[in-house]
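Novice: Before we start, here is the structure in question, set down as structure tokens.
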Amino acid sequence: MELEAAMKKMEDTATGSWTQANNPICSTVKNSCHPNLKMFVAALSFAYFAKALSGSYMKSTITQLERRFDIPSYLIGIIDGSFEMGNLLVIAFVSYFGAKLHRPKIIAIGCILMSFGTFLIAMPHFIIGRYKIETSVRWSVNSTNNLSPCPASSESTRAGDRPSILPSRGCERDSSVSMWIYVFLGNVLRGIGETPVQPLGISYIDDYAQSENAALYIGCVQTISIIGPVFGYLLGSLCAKIYVDIGYVDMETVTITPGDARWVGAWWLGYLITGTITLMSAGPFWFLPKSLPMPVDKHDTSCTPEQTRFIKDSPTMEHKFRPEEPANLHQMAKEFVPTLRSLLGNPVYITFLCVTIIQFNSLIGMVTYKPKYIEQHYGQSTSKANFVMGMINIPAVALGMFSGGVVMKKFKLGIMGAAKFAFGTSLLGYFLSLFFFAMGCENTKVAGITVSYAGVEGLSYQEQSYFSDCNLSCLCSRREWDPVCGENGITYVSPCLAGCTSSSGSGRNTVFDNCRCVALVDTQPGNLTATLGQCPRRDSCDKIFPYFLALSVLSSFIISLGGTPGFMLLVRCIKPELKSLALGIYMLATRTLAGIPAPIYFGAIIDTTCLKWGNKMCGGRGACRIYNTSAYRIVYLGLTLGLRTVSFLLCISGFALLKRHIKREEKNAQTNGSAELESLRKEENSSIHCEQFIPALDCNSDRESHL
């Protein structure tokens, strides 16, 4: 009791002395948020929105890029991971040196780089040429109105198997330069520009906000960053409905619809929009100061022991303003390695980092390919898949993130409380996600791939199975993908492989007649027609989809509840002077070990479930046209939940380390109690002597302000 009384009296005396002597405006700072801090929070929220908008739009265009550049999913994963590669190049140095320089201006420079990278991603559209739809349909030589599904018998070889003797100039240009490289480099530049936004922005707020408000401010910023993807996916949904070469082609001649596996939307348009918004977000940071007044209550005794235990030994907290001293780069470089060693010696931080890396692998892989999963598994168009992500899933995540920050503020959760809350919500969301395995759809019936031409179900990976007696009279290509839906409900790879010999109508209204293969499983005798596009999914799959959406919303909300408490655990388990570096290492590790590899190996595993590959104009394998739905569901969900299972096992050891650390700190506090009491008494006596100089200092301050 004597120690506590002395400590309280000493803090009141010291705080009151400093406030009156050195900072006449501190009484207002203590009770309200500094106006520049409000501006910074607003500017950082807009920057978070802009980077989240462009990042989510990138993920919404994955299918479009895959089809436009004829590349497999694993290569799309490399493009998606290039953003993290850009972070990796500069994140450690930006986080460490940036914390000692002008943080708002560094964030502004980062926003400008992000916008330039976004514009670079859109550039291939303006230099690559028009999109050519892969099709086996050819115009008949003797007719200008009807399509000839079956190549003339004078052709000696199958069109798709015929070797190219002299490739065209367009083919040479397309094969010599891979246009997706520009998308890759643009995303790298986006990653470099995004680097300073989170570590410098969050540490700036935590340095200058009152302790009880820091979690709420960070929660608000994180919530805005979740709202960004809402508009990103909605923008992706809108652009996916617009044909890629809109304005340059007659849409009446386009024979495919947005639901077709070959459809490519106006992916480039969204990048121009998001790049402009990102450029605008850089403006406010140029007008913000390097430092702000520090709130007096940073050492308030109302903080719980768990909240203060990890931040009690920071000498810089004695100053309410950061000194505007010139940066000594040589001295900062010398201190970098010892500072890094001190940070990595914190077992709680290291355990938290490992758990986060594993969970981020699961999260990033799941989010990256979720729109594609909705398309392939439930037969939805790219536009609708993006709309679902933007209007249903993302708002649930935003609400969960914000609710988590409110819960932490209301119940004043300490480090252990935040850890338990984050673990509990994640575990509950994990159990709910297990029900996704039961919400499966059967494979689409495609003759020669998932069913035989007689209608018997069974997978086939051999291209020879595309041929049957009903289509041998036509020299059909087995490489192209131009699906038609027969009246019997079975999809055929092309009109030629359906055995069709004539057609009527034009454009999207084309109808193929006399399709001999349809007769093998004909539910309506005499009706041997087929229409463009794949057959729709079965009614049972359409009934499952709403339940999938409902469970997805619920699980996303519950898991995101622990997002803000988990992030505050990271901030509070380290010393204040190490916050920027710790956040930087945190971002470095998650990007290197999760953001880069997760989309790649998720994409590579998804590629193994492909049943039919497209072909590039100049030869070679292109994008996948149809997947094994059941295998896709198992590998996608199994990998996502399997990674989270491993992270939960690490959480158990993390709780043990955290408890042990808290007990050690309490024991050290008791051992050093008597020494601290003697020190406090000496400081109290010295502070009393100093108080007699305060009136004079106040007078000098008033006189200087009038001058």
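Including glycine, each Cβ sits where the backbone N, Cα and C put it.
Found this in TrEMBL, in case it helps:
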COMPBIAS  146-157  compositional bias 'Polar residues'
DOMAIN    40-654  domain 'Major facilitator superfamily (MFS) profile'
DOMAIN    464-519  domain 'Kazal-like'
REGION    146-166  region 'Disordered'
TRANSMEM  37-53  transmembrane segment
TRANSMEM  74-94  transmembrane segment
TRANSMEM  106-128  transmembrane segment
TRANSMEM  214-235  transmembrane segment
TRANSMEM  268-288  transmembrane segment
TRANSMEM  348-367  transmembrane segment
TRANSMEM  387-407  transmembrane segment
TRANSMEM  419-439  transmembrane segment
TRANSMEM  544-571  transmembrane segment
TRANSMEM  583-606  transmembrane segment
TRANSMEM  634-658  transmembrane segment
Novice: By DSSP, what is the split of the domain 'Kazal-like' (464-519) into helix, strand and coil residues?
Specialist: 10 helix, 11 strand, 35 coil
Novice: Does the structure show the transmembrane segment (106-128) and the transmembrane segment (37-53) touching, where I'm treating 3 or more Cβ pairs under 8 angstroms (sequence separation 6 or more) as a contact?
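Specialist: Touching, yes - the transmembrane segment (106-128) and the transmembrane segment (37-53) meet the threshold of 3 or more Cβ pairs under 8 Å.
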Novice: For the transmembrane segment (544-571) against the transmembrane segment (348-367), do we get 3 or more Cβ-Cβ pairs below 8 Å once near-sequence pairs (under 6 apart) are dropped?
Specialist: yes
Novice: With pairs restricted to those 6 or more apart in sequence, evaluate whether the transmembrane segment (37-53) and the transmembrane segment (634-658) have 3+ C-beta pairs under 8 Å.
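Specialist: The answer is no, given that the two segments have fewer than 3 Cβ pairs within the 8 Å cut-off.
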Novice: Could you tell me whether the transmembrane segment (419-439) and the transmembrane segment (583-606) are in contact, taking contact to mean 3+ Cβ pairs under 8 Å with a sequence separation of 6 or more?
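Specialist: No, the transmembrane segment (583-606) does not contact the transmembrane segment (419-439).
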Novice: Suppose you look only at the domain 'Major facilitator superfamily (MFS) profile' (40-654); what would the mean pLDDT be?
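Specialist: Mean pLDDT across the domain 'Major facilitator superfamily (MFS) profile' (40-654) comes out at 80.
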